[in-house]
Amino acid sequence: MAKGLLMTYALWAIGGPAGLHHLYLGRDSHALLWMLTLGGGGLGWLWEFWKLPSFVAQANRAQGQRQSSGRGTPPLSPIRFAAQMIVGIYFGLVALISLSFMASFYIVGLPLAVGLGVLLVAAVGNQTSDFKHTLGVAFLISPIFYGRPIAILPISLAASITAQKHRRYKTSTGSETLSVRLYRLGLAYLAFTGPLAYSALCNTATTLSYVAETLGSFLSWFSFFPLLGHLMESVLLLPYRVWSLLVGDYGFSSGYFQEWEKLYEFVQSFQDEKRQLAYQVLGLAEGATNEEIHHRYRELVKIWHPDHNRHQPEEAQRHFLEIQAAYEVLSQPRKPRGSWRLNTALFKEAL
């Protein structure tokens, strides 16, 4: 049955952020993406208002085809590539929060999560990409940055490049019943949200620590790029600015900034506790120089490397990972505490 534009707009208005209009049009990958990101943070949902006629036309064309949807290679899309990068990072951060307790997380869990996020965007619309190559690259890159949250960035970048390189048109298949499609989407949705919900409900304190650690690591990625860091802080403040405009307040009140300062101070205090624990793990006094940290790290790695402790492999593996994590924490540059207050003050003056 042909899809109607009026019905599509109605579903877009009623349940657009949940992907109802994409489900109606048979764009299941796009529907799942919107379910997991709430319509691309709302921005993607609004932007689609102008794209719905083309989506409906594409769905109606696909219904009349039983052969391949197209030959050759789809045109390169910078927007799709950027979306693959962003969703890959998003999936990686969610996995880092909910699954980082796994023993093989950085070898299996993280590259799988990032790769699936990239593939989900690659499968939006009438395009798709090669499953094996994209995930294969993600798994190859992961060991290079083992144990480091920053691994999310290079894994997502490599997987996105690979997905773009192997992009192709989807082939038309026989229509499936709505129940089968909903069952598949439900399983995918539970696979994404289940671990996160379990961590939040059954281990709330640890989950909050993971969130703070992940957010702190994310902010620390931009330590070497001050302009990009300032841009990210502005992005974090953007929701409050939009809200203030909607309620008629054309400027930020001090309370809004105080809330963000509380969040920043919480993350900063958590980072300070991590550094104190890292000094204890390495057996160093606070304020040790970079040379002392590096020298002590090399000594402990030689002592506790699993290959040198085959008689006690589990204990050696635990110490070895603790040493690596401590060295990673102490290797990151510390951001001055006053920088956030200075940036917010300048931002308020600019407004």
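Note: Cβ is positioned from N, Cα and C throughout, glycine not excepted.
TrEMBL labels come from automatic prediction, so no person has curated them.
Fair warning: this is a prediction, and the values are worked out from it, not measured in the lab.
Here TrEMBL flags 277-344 as domain 'J'.
Among the features that TrEMBL reports, transmembrane segment is placed at 6-25 (among others).
What TrEMBL lists as transmembrane segment is 32-50 (among others).
Feature annotation from TrEMBL assigns transmembrane segment to 81-99 (among others).
Non-local neighbours of the transmembrane segment (106-125) in the same chain are 27, 29-30, 32-33, 36, 58, 80, 83-85, 87-92, 94-96, 99-100, 131, 134-135, 137-139, 141-143, 145-148, 151-152, 155-156, 159-160, 163-164, 167, 170; each lies 6+ residues outside the stretch with a CB under 8 Å from one of its CB atoms. Residues or ranges marked as transmembrane segment in TrEMBL: 106-125 (among others).
According to TrEMBL, the transmembrane segment annotation covers 137-161 (among others). Note on the transmembrane segment (137-161): residues 81, 84-85, 88-89, 92-93, 96, 106-108, 110-112, 114-115, 117-119, 213-214, 217-218, 221, 321, 324-325, 328 of its chain, located 6 or more positions outside it, place their CB under 8 angstroms from a CB of the stretch.
Long-range contacts of the transmembrane segment (182-201) within its own chain (CB-CB distance under 8 A, at least 6 residues past either end) are made by residues 23, 28, 31-32, 35-36, 91, 94, 97-99, 207, 210. The transmembrane segment feature in TrEMBL is assigned to 182-201 (among others).
Here TrEMBL flags 221-240 (among others) as transmembrane segment.
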Chain residues in Cβ proximity to the transmembrane segment (6-25) (below 8 Å; excluding those fewer than six residues from its ends, i.e. six or more beyond): 31-35, 38-39, 42, 45, 48-49, 52, 55-56, 59, 181, 185
Same-chain residue ranges lying at least 6 outside the transmembrane segment (81-99) that approach it to Cβ under 8 Å: 33, 37, 105, 109-110, 113-118, 120-122, 149, 151-153, 155-157, 159-160, 163-164, 192, 195-196, 198-199, 207, 210-211, 214, 218
